[in-house]
Amino acid sequence: QTGKIIAFSVSVYIFYFYRALWTTSRDNHRDLMSGFETIVDEMEKNNESTEEIVMEVVKGLVYRQDRNTEPKDVTMFSSSDQDEISVTQNIGQKQYSWLVKISAEAFNKSRLENNGSAFVGVLQFKNMDVNEEDQNHTVLNNEVYGISMGANISNLTDNIEIIIRAGNLVVENPSVWSCNSWDGRGNLKWTTFGCDTQIINMTIIKCSCSHLTFFAVLMSIPNADIPSSHVDSLTYISSIGCASSMFFLGIALFMHCLLRKNKSSQSTKILINMFVALFTLNLSFLSNESIADTQSSSVCTVIALIMHYSMLSTFTWFFLQALHVYFWLIRQNITIQNYMKKIIVSGWVCSCPVVVIIAALGEYKSVVIQSTAEKTTRMCWITNHYIHYIVNIGYYSLVFSFTTGVFVMIVTKMIQARNVRVADVKKAALKKRLLMILSLFVLLGLTWAVAFFSYGDMIIPSYYIFCVLNSFQGFFLFLYYYHIRNDVEGSFSDDPDRSSSSINTTQENI
């Protein structure tokens, strides 16, 4: 078919080519865009630098740079009324509805693969939405932009920039907008890989992408959002809670280092390591927004890495704390050589490979949490949702399963002990046991499980419960530490060097 079309004049070829480009199935779009090379050949014969494409549902422009000139950055833009597409090297104050900026680096790569010819074709497709299976997103203005240079353009250091005006839409919460690409093959499947999203003045979306293909701005369905008022309240609660947690965790660490470091039992040492991980997590969370506002990508990557590492380490210490409780209180013995050294190394090393791989993939970036007329709230975190669910949610699910099992076994033993000695149980003892259950609930990190219920009508209440419990977690753990501060002299010792009589006393205290 392509050979037959070439036999016609350029205008006739362009008409049928782009008619086929739209009417053919989306699976063939990428192959058909390779026809730009034929158009460029005709443009070279006629010594033309631009060729505009105007169809009913497709509009675009092919631009060719002269072989004897040095490649330069070029901006292709559509007028504000979208009646005309033009090429310029400096957009200046010109009004536009969308623009695409192609870097000189991309033209150089195009020239290497096209025998010295450097060109770019930009097509705007109308009435093209997401696939029917995706009910959570929609395409901004139902517009998709295809960009081709007749070469494999990827891994650019000077990225391709696509700026789109949202029209009458105002981006109240930019976190629901994202720049996506599709490789043109198979089913319509969008991905954010290789593209960064930036919101300008809440009405302009800027996509910075390191490769060329089909691009669109996807918008989440509004009812999945959290209202701005709730975001402000949750942020305020989290900030106050984290500051409070840091204060009490700092006191506990100070007390441990000055007063009890040489007398600590194994469970106290594990608890202190958990305090360090939580303190780092709270500190990185509180400083995250300020660092994100600097818009320094390298610094943002570092703080996101530290925050993620400390969070995964906290989960690991939840697991190790439960494992220690299981060994000592359930199995009632620990026969592992170099037990504490292995525990400490595991607690701090297990998370390292994960964060290093994610950092190498470049997934730690600045994310817009909320944007209003007065302020834009940013955070340095993971941009890929799949990594978040697999790594964070998946890892905690494993920790939660184990810690929940240990928690159930301990509570069962406490209930059994109460039934055996029901005559001796007093209200004070019952309250003490209830407080111990609550302490274990916080100690084993079960409060994080509230996030599992953040769906449907429960999403807002669960977010509030989650923020309150976890932001004040340091305070609760300090109370637990204060309660067991006399363990090394009292009856709750888990030091294997102590006399075996302490084990019997420990069992009785359960």
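Cβ atoms here come from the backbone N, Cα and C positions, even for glycine.
Note that this is a predicted model, so its numbers are computed, not measured.
According to TrEMBL, the transmembrane segment annotation covers 6-22 (among others).
Here TrEMBL flags 73-225 as domain 'GAIN-B'.
Summarising the annotation, TrEMBL assigns transmembrane segment to 199-221 (among others).
Sequence-distant contacts of the transmembrane segment (233-258) (same chain, at least 6 residues past either end, Cβ-Cβ under 8 Å): 226, 264, 268, 272, 275-276, 278-279, 282-283, 285-286, 377, 463-464, 467-468, 470-475, 477-478, 481-482, 485. Annotated transmembrane segment per TrEMBL: 233-258 (among others), in sequence order.
Residues annotated as domain 'G-protein coupled receptors family 2 profile 2' in TrEMBL: 234-485.
TrEMBL lists 270-286 (among others) with the feature transmembrane segment.
Cβ atoms under 8 Å from those of the transmembrane segment (306-330) belong to residues 266-267, 270-271, 273-274, 277-278, 280-281, 284-285, 288, 343, 346-348, 350-352, 354-355, 358, 364, 380-382, 391-392, 395-396, 398-399, 402-403, 406-407, 409-410, 413, 440, 443-445, 448, 494, 506-507, 510 of the same chain, restricted to positions at least 6 beyond its ends. Per TrEMBL, the feature transmembrane segment maps to 306-330 (among others).
Beyond its flanks by at least six residues, the transmembrane segment (342-362) meets 269-270, 273, 277, 301, 305, 308-309, 312-313, 316-317, 320, 324, 336, 382, 384, 387, 391 of its own chain at Cβ-Cβ distances under 8 Å. Feature annotation from TrEMBL assigns transmembrane segment to 342-362 (among others).
Positions annotated as transmembrane segment by TrEMBL: 393-412 (among others).
Residues or ranges marked as transmembrane segment by TrEMBL: 433-456 (among others).
Annotation comment: TrEMBL describes 462-482 (among others) as transmembrane segment.
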